[in-house]
Ligand SMILES: NC(=O)c1ccc[n+]([C@@H]2O[C@H](COP(=O)([O-])OP(=O)(O)OC[C@H]3O[C@@H](n4cnc5c(N)ncnc54)[C@H](O)[C@@H]3O)[C@@H](O)[C@H]2O)c1
């Protein structure tokens, strides 16, 4: 399919090579500063982004930019009704607003805070393990994550999602704590801790600990490749499911909608 890439940074470049390797065509790349982008737009000129996408003849759009730009891009792109996959993070609190906008103008958007297939499998494995281990009172649980030293947010959005999947199965805990403890943790508190170091692309571990042993479940990302592959497949499936009538336009979709395996 013909794909437009909005945001031509680290992810944009990886999305381009991935989309091409899957047999797609990248009809345009749009960015505010990247010198090698096909189209340069002024920062904040979201209408110019939408115009460039429409003029490219794209059948689908993938947006990986910056939390400060993502809402402007979504609002400008939705009325074009070209299926849109958004990878930019940091707008979870705007999902309802975007769903309402999509319903209003008939545009379709799909998003995930983590497009890695492995991480989404990890969520399911963690939830199943939590349910199983929940039956044994001697086990405690905790979540730890490590990322490169350029990452701005802490803990990672993925670590919080991992923690939610632990809570879904481990019913004796119901509160996520991301700060340091200054007194003994309460039994209902699930600690989520973070380390920032070097170039680590992303490691997430869940610990189930008893007096006798520790069970560790770890997902280790090797590169950004997993995010790019997941996002391109998500757009291919979104377009196909819309064409086949399995999904309807005018909605905000998530991973489960475009990857029925989840
Ligand atoms: N959902 C996922 O699986 C996933 C995976 C990796 C990264 N991310 C997120 O994707 C985003 C981008 O990551 P990155 O590593 O590519 O960052 P990056 O800084 O390397 O690239 C972002 C690019 O977007 C451009 N940009 C900013 N505003 C723009 C606009 N309005 N129009 C066009 N281009 C614009 C910037 O100039 C920059 O070149 C971040 O929010 C990151 O957290 C999500």
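Placement of Cβ uses the backbone N, Cα and C atoms for every residue, glycine included.
The active site, proton donor/acceptor annotation in TrEMBL covers 147. According to TrEMBL, the active site, proton donor annotation covers 151. The (S)-2,3,4,5-tetrahydrodipicolinate binding site annotation in TrEMBL covers 148, 157, 158. The domain 'Dihydrodipicolinate reductase N-terminal' annotation in TrEMBL covers 1-115. Feature annotation from TrEMBL assigns domain 'Dihydrodipicolinate reductase C-terminal' to 118-258.
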What is the interatomic distance between the Cα atoms of the residue listed as 'active site, proton donor' and residue 157 ((S)-2,3,4,5-tetrahydrodipicolinate binding site), given in whole Å?
11
Please list, in sequence order, the residues in the chain of residue 157 ((S)-2,3,4,5-tetrahydrodipicolinate binding site) that are at least six apart in sequence and whose C-beta is under 8 Å away from its C-beta.
89, 92, 113, 114
What does the structure give for the C-alpha distance between residue 147 (active site, proton donor/acceptor) and residue 158 ((S)-2,3,4,5-tetrahydrodipicolinate binding site)? Integer Å is fine.
11
Which residue among the recorded positions 147, 148, 151 has the fewest other Cβ atoms within 10 Å of its Cβ, if you could check?
148
Predicted model, mean pLDDT over the domain 'Dihydrodipicolinate reductase C-terminal' (118-258):
96
Can you check which residues sit near residue 158 ((S)-2,3,4,5-tetrahydrodipicolinate binding site), meaning Cβ under 8 Å from its Cβ, same chain, 6 or more apart in sequence, and list them in order?
113, 114, 119, 145, 202, 204
For the domain 'Dihydrodipicolinate reductase N-terminal' (1-115), what does DSSP give as the number of helix, strand and coil residues?
48 helix, 24 strand, 43 coil
